[in-house]
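If you check TrEMBL, you get these features:
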REGION    1-30  region 'Disordered'
COMPBIAS  1-10  compositional bias 'Basic and acidic residues'
BINDING   41, 43, 68, 89, 117, 132  S-adenosyl-L-methionine binding site
DOMAIN    48-217  domain 'Ribosomal RNA adenine methylase transferase N-terminal'
């Protein structure tokens, strides 16, 4: 995976861009940093920042990875309790601000700042991840964490509330989805703090929530790509029957192509006498889930599908 570029920079901040005439006083643009560019909102509430750090139950020996530190309001509180913090920040000016806040203090030697895109950066070893997550990397962040090895102990992550509620949704509820199933296969997820939009600068248009994510140890012996590929089909229309979703024309064509490719790689002949639609029906009948609907299927149900498909 490509490594994020780490840049050297001076303590002096670049001058703030001039405010456009068309920009109304009620705009959500941060007056100091262009946070809208990276989908960031600076957490200004010290009380909320303290709750987030307390929720991590940090130990003096912990190494912490922080994603999107902004101007460092969370960072300085993490540094009070952790052994080391690696902060990954996209905006060089914010990164400079974080460094400036600890310069000349004992915490300075405990902080490393990487400037770059978290999605492309090489992740360091860490025990705990804490993030006020830029909204556009919410899903990539979750799945990069869950695929990371060695396993970390816990992640305390702030998301837009709707996204957070989808992570913790249960089968049979309106928000149960492919995202819910994929995440809960690999981790225990809880909603621990609801955060008001007024705790941020600039305030976002939606409320936020903080979730606790604890990876299952050991992780289930399931290839994520295969489980996710299956769920893409099953959850394509969650209130339709699973059989109906598999029997969709585009799905059958894809399955037939995949089957032919797999048989060819194994040096096995293609059995044209048994169409893929019949194979799918036989598997569903064996499982007893022909009329099941994804909206009500739990992780155990989905795990029964994985090895057969």
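A Cβ is built for glycine as well, from the same backbone N, Cα and C atoms used for every other residue.
Counting every protein chain shown, the Cβ of residue 43 (S-adenosyl-L-methionine binding site) has 22 other Cβ atoms within 10 Å.
In terms of local Cβ density within 10 Å, 89 ranks first among the binding-site residues 89, 117, 132.
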